[in-house]
Amino acid sequence: MNGLLLILLVYITVWRPRPCQCIQERDIQRDVEDLPSVSYQVQYGIRSQRDLMANVPIDQVPMIGVNIFDAFLKNGRNNDSRALLSFMELMQHGVQSFTVDLEPRNSQWMLKKSNISFTRFLNVFQTYVNGSDNNLSANMLVLLLKISPGNESNSTGTGKNGSNLTRILDQSFGRQRIYTPDDLDYDREYGRTFSTFGANSVGWPILGSFLYDKKRRVILMEVTNHLVYQNTPYIFNGSSILHLDEGNATLGIPTTVDQIQNLSSISWKFLEASFTTTDIKQYVDIGYNPVITNEYSVGDFGDIYQLLNLTILWSWKPDQPKTIQSSDSAREHQLIAYNCAALHYTSANFSASWDVENCYAIHKGLCKHRFNDYIWVISKGHDNYFGFDSHSESKCPEDYYFSLPKTPLEQLAITQYLRNTSSEDALFWIDMNSVSVNDCWVTGGPDATCPYQRSVSKRNFVAMLTPVTVCSFVILCVVFYLNVLHVPIHNNRKSWRRIITEVSKWEVDGVPS
């Protein structure tokens, strides 16, 4: 019996399936069915985009936005609860910025033309932030506040010039997740801010530091200049830090490297407009953050998905990154591993997007200049993905290195280079792969590890398992021996009892005299 129990114990500790070492995403309750469920492909794509932009200043991080009033509340076609549920669903689908119209009414701040208080809105906002506050799902969120001054009777109790907005934010959301003007001043004073050209005393922190070091999630900007900012220390004066176009874009389409660089020096480029599926992607490609003002009712809210599907992933194709499993028979005849990314250039419309490609396919690679993110060339020769490993002979020209575009403007620089060199449709290797762990897309070559899951090679796994297996076998042999061959003391139990009885007769009770 002891042997059977030990065998069971060894099986449980050694052979049982190992759980994933990554942090599991919290399930966020889905109460609406207007938009399709967020697929794993979209989740992997959003996560890979965020991770590759870890060193990008936050003012250059691309994001899609929605105007809450125009999309849900205008003309009163949606009830308040439905609008809040749609707001939650948009955040779950990757929308990162929202325009919020506020007006003072009944001694409190209310969302324009609705019965939704700003406090109630922030409670829904906080629910999403708390539910996504882990290294798999954390992202930056921006609220663009439009303040209606209101009349004196309506504004009584809301605080002069918005002074009680700070109290509302403290009570409903909390200071710890908000990046404030004081935080920015501190970072600039101590040299922790950057622009696209490097360290900059008037720049912004990089995304990785913002999310993981400072543990911030939210930036609030007021774009109507109705607040006294000494009374609202959590809110940025939007007119001094962002470029907001409404209706029509005022920034031209850059056609040279210098023009792209100049465009990248403009912080927080937003365009509020009614978009179509044909134009919204074009604005993303030239560095704008579209804020959708299209009007939707309960019956047609799902139409917004067409716009999101084209823009949430500025890098990958809408149906990528796919998980492609090759059959055993195919592996026997050729080397196959669909764990590498390639930039697919289409010459017909001078566009580019990323595809999952077989790592052993032969392509050229994209090389970035060491001192300028907007100067790119094609590698000298063709090779499989592993041929572009940093340990291999460099296939990039001097002062260039194998890389990938980290923003839409960098990708625009690539497409213009390919256009000027009359490149045909082609695939080019970029520094993105999931070689370590399937569906965990990382940069840094094939040796890069997945930060969310521990990868164990077969050789290392055998090395780890062998000592445990040998020890378990020895223990089993000992247990088997003890069960089969009895110890002599058990065979002579009666003799031992007689000896003990005789010895006990010589023991003296009490204290000797």
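Don't overthink the numbers, they just go from 1 along the chain as shown.
Each Cβ is built from the backbone N, Cα and C atoms, and glycine gets one as well.
Per Swiss-Prot, the features are as follows:
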{"type": "CARBOHYD", "residues": "N79", "note": "N-linked glycosylation site"}
{"type": "CARBOHYD", "residues": "N115", "note": "N-linked glycosylation site"}
{"type": "CARBOHYD", "residues": "N130", "note": "N-linked glycosylation site"}
{"type": "CARBOHYD", "residues": "N135", "note": "N-linked glycosylation site"}
{"type": "CARBOHYD", "residues": "N151", "note": "N-linked glycosylation site"}
{"type": "CARBOHYD", "residues": "N154", "note": "N-linked glycosylation site"}
{"type": "CARBOHYD", "residues": "N164", "note": "N-linked glycosylation site"}
{"type": "CARBOHYD", "residues": "N237", "note": "N-linked glycosylation site"}
{"type": "CARBOHYD", "residues": "N248", "note": "N-linked glycosylation site"}
{"type": "CARBOHYD", "residues": "N262", "note": "N-linked glycosylation site"}
{"type": "CARBOHYD", "residues": "N309", "note": "N-linked glycosylation site"}
{"type": "CARBOHYD", "residues": "N420", "note": "N-linked glycosylation site"}
{"type": "SIGNAL", "residues": "1-22", "note": "signal peptide"}
{"type": "TOPO_DOM", "residues": "23-460", "note": "topological domain 'Extracellular'"}
{"type": "TOPO_DOM", "residues": "482-513", "note": "topological domain 'Cytoplasmic'"}
{"type": "TRANSMEM", "residues": "461-481", "note": "transmembrane segment"}
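Each residue contributes its Cα atom, and for N237 (N-linked glycosylation site) and N262 (N-linked glycosylation site) those atoms are 23 Å apart. Under the DSSP three-state reduction, N135 (N-linked glycosylation site) is assigned to coil, being neither helix nor strand. Taking the Cα atom of each, N164 (N-linked glycosylation site) and N420 (N-linked glycosylation site) are about 55 angstrom apart. Summarising model confidence by region, the topological domain 'Cytoplasmic' (482-513) averages a pLDDT of 59. Annotation for N309 (N-linked glycosylation site): same-chain Cβ neighbours under 8 Å, separated by at least 6 residues, are P318. Recorded residues N115 (N-linked glycosylation site) and N79 (N-linked glycosylation site) have their alpha carbons 9 Å apart, per Cα-Cα distance.
With N420 (N-linked glycosylation site) as the anchor, the candidate glycosylation sites are N79, N130, N135, N248, N262, and the one with the nearest CA is N262. The two recorded residues, N262 (N-linked glycosylation site) and N248 (N-linked glycosylation site), have Cα atoms 20 Å apart. Note: the Cα of N248 (N-linked glycosylation site) and the Cα of N135 (N-linked glycosylation site) are spaced 37 Å from each other.
In this structure, the glycosylation sites under consideration are N130, N237, N248, N420, and the one with the smallest number of other Cβ atoms within 10 Å of its Cβ is N248. Within 10 Å of the C-beta of N135 (N-linked glycosylation site) we count 13 further C-beta atoms, all protein chains included. All protein chains considered, the CB of N262 (N-linked glycosylation site) has 12 other CB atoms within 10 Å. Neighbour count (other Cβ atoms within 10 Å of the Cβ, all protein chains): 20 for N164 (N-linked glycosylation site).
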